[in-house]
């Protein structure tokens, strides 16, 4: 009778052999003993079934008795060797630290235990073997009560133990995931990906072999009657006989067909599952490439297959891409003779011709000098070209702003009139502070510093930079270096445009989002007084409040300020509402045209200075210069 599974079964059995033997070398190098034993047992079982299916595909003659003696031992050993290998895999995953001891234990489980199992089968083996048509050699195990604990129980028991180990390993991996991952990364032979693939392989094998073992037990109990085990002599009477069973007989019993087919198809199925987990991994692809290189060199094949000719013409010197490459190379070659000095001088000359629109920038309202009861709308704003105190505010692009604050840009030391560090002195810096007064809005006081060369950083408010004809309004807690001397070089004329700057002892860096520097045109000799100063503290900088950072104040205080400014502008300030002006100091400029410094009689004391300090810290980006 022809085998309905022929030639499908021999093909899959051969594929199982290949799938198990191909990954074996690199698993041997990494000393994965459980995986190696699983591959060996599966490959041997597939080889056994492959040979049997080829030899006895259409008959049941005893043509290879010696092979049958070996074949039945392989079948018995593989029935427990494969589950035992799976047990070794999950046990190794549970305790992966002790490698040498694990290899020895795996060898005992996967080699010694199957050998003992094969020896014990002699107790329930009634004769030498059976030859089943289409299947081949098969063990002749009698169906007695002693057969179940000696033969059928072990695959199921090993599967249960493997399930317990795999559960414990998964719990341990989930509980100590971080430490486990670090340990796996330190292990050169076991990665997280391989760990998970091994666990998946072991669990898949358990889900296949354990239920199948239970099913085989049930089938054997129902397919043939269970005979009592009498004695050794009765069981082994006529031990030398060989039963030859045609396919038409054993295929007539569906339970026997299911039992035999499950037994022989299990090995190729496990081989394919193993290859599915490990045959497409990164190390497998790397070894495939190495093997192909060896075969290619042995056969003499070229390293790469020559590509077919295309209709596209190769690039020539007349192509657009080639011309672009030549132009780019010529320009790159010209960079070697690039003169930075000529470039910056040319840029400087062009920067002087750069202009802005007059009404593009908006100035904040000028701070009042004396309080007043009248005010103006909070929506009013002062722009370039408008007038304050009867004087028109010129555009920052006019020549009146002839002394801009020198600012330094990294990598652009010679750009326009941005002077280099050598052109700036390094005077000691002081904090400008004032006595607290009843009309100080948000603890802010305006000071008048008559010095055309003042260079300062302002953590809050606005500073005004101009020549000696105009005022510089310096908010409270601003860092103001000493005035320039006659020996200092004059800064080149450049329109004073809004810039962001941060201070240091030499004012040598430019940083964004710090301060705004804009011009002012108010008379510097008006309302000046003594200016108390003290050295910069060594403590950390302070952070501004939201109102100081964004220039926001309450509507009531804003209207009071507007009223005070209106009274000052119209000259109608009430003497009864005038508070004593805070102490201030006028720093005389180097120019002889400036008014002499005047001071008020208000005392300058530590208490007054501390009382005038704001409740919120200054900006953390303010770098105060130390002496």
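Each residue, glycine too, has its Cβ placed from N, Cα and C.
Per Swiss-Prot, these features apply:
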type: TOPO_DOM; residues: 1-7; note: topological domain 'Extracellular'
type: TRANSMEM; residues: 8-28; note: transmembrane segment
type: TOPO_DOM; residues: 29-35; note: topological domain 'Cytoplasmic'
type: TRANSMEM; residues: 36-56; note: transmembrane segment
type: TOPO_DOM; residues: 57-69; note: topological domain 'Extracellular'
type: TRANSMEM; residues: 70-90; note: transmembrane segment
type: TOPO_DOM; residues: 91-102; note: topological domain 'Cytoplasmic'
type: TRANSMEM; residues: 103-123; note: transmembrane segment
type: TOPO_DOM; residues: 124-150; note: topological domain 'Extracellular'
type: TRANSMEM; residues: 151-171; note: transmembrane segment
type: TOPO_DOM; residues: 172-197; note: topological domain 'Cytoplasmic'
type: TRANSMEM; residues: 198-218; note: transmembrane segment
type: TOPO_DOM; residues: 219-260; note: topological domain 'Extracellular'
type: TRANSMEM; residues: 261-281; note: transmembrane segment
type: TOPO_DOM; residues: 282-627; note: topological domain 'Cytoplasmic'
type: REGION; residues: 363-405; note: region 'Disordered'
type: COMPBIAS; residues: 372-387; note: compositional bias 'Low complexity'
type: REGION; residues: 479-505; note: region 'Disordered'
type: REGION; residues: 518-627; note: region 'Disordered'
type: COMPBIAS; residues: 519-533; note: compositional bias 'Polar residues'
type: COMPBIAS; residues: 545-555; note: compositional bias 'Polar residues'
type: COMPBIAS; residues: 569-607; note: compositional bias 'Low complexity'
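This prediction places the mean pLDDT of the topological domain 'Cytoplasmic' (172-197) at 69. Break the topological domain 'Extracellular' (219-260) down by DSSP state and the numbers are 20 helix, 4 strand, 18 coil. Of the Cβ pairs linking the transmembrane segment (151-171) with the transmembrane segment (70-90) and spaced 6 or more residues apart, 3 or more are under 8 Å, so the two regions touch. Sequence-distant contacts of the transmembrane segment (8-28) (same chain, at least 6 residues past either end, Cβ-Cβ under 8 Å): 35-36, 39-40, 42-43, 46-47, 49-50, 53-54, 264-265, 267-268, 270-272, 274-275, 278-279, 283-284, 287. Outside the topological domain 'Cytoplasmic' (29-35), and at least 6 residues removed from its termini, the chain residues within Cβ reach (under 8 Å) are 85-89, 91-92, 99, 102-103, 106-107, 110, 189-190, 198, 201, 278. Remote same-chain partners of the topological domain 'Extracellular' (219-260), defined as residues 6 or more beyond its termini with a Cβ less than 8 Å from a stretch Cβ, comprise 1, 3, 60-62, 65, 68, 123-135, 138, 140, 142-147, 152.
Beyond its flanks by at least six residues, the topological domain 'Extracellular' (124-150) meets 1-3, 5-6, 49, 51-53, 55-62, 65, 67-69, 71-72, 75-76, 217, 220-221, 224-229, 235-236, 238-247, 250, 260, 264 of its own chain at Cβ-Cβ distances under 8 Å.
Sequence-distant contacts of the topological domain 'Extracellular' (57-69) (same chain, at least 6 residues past either end, Cβ-Cβ under 8 Å): 1-3, 6, 51, 128-129, 131-134, 136-137, 242, 244-247.
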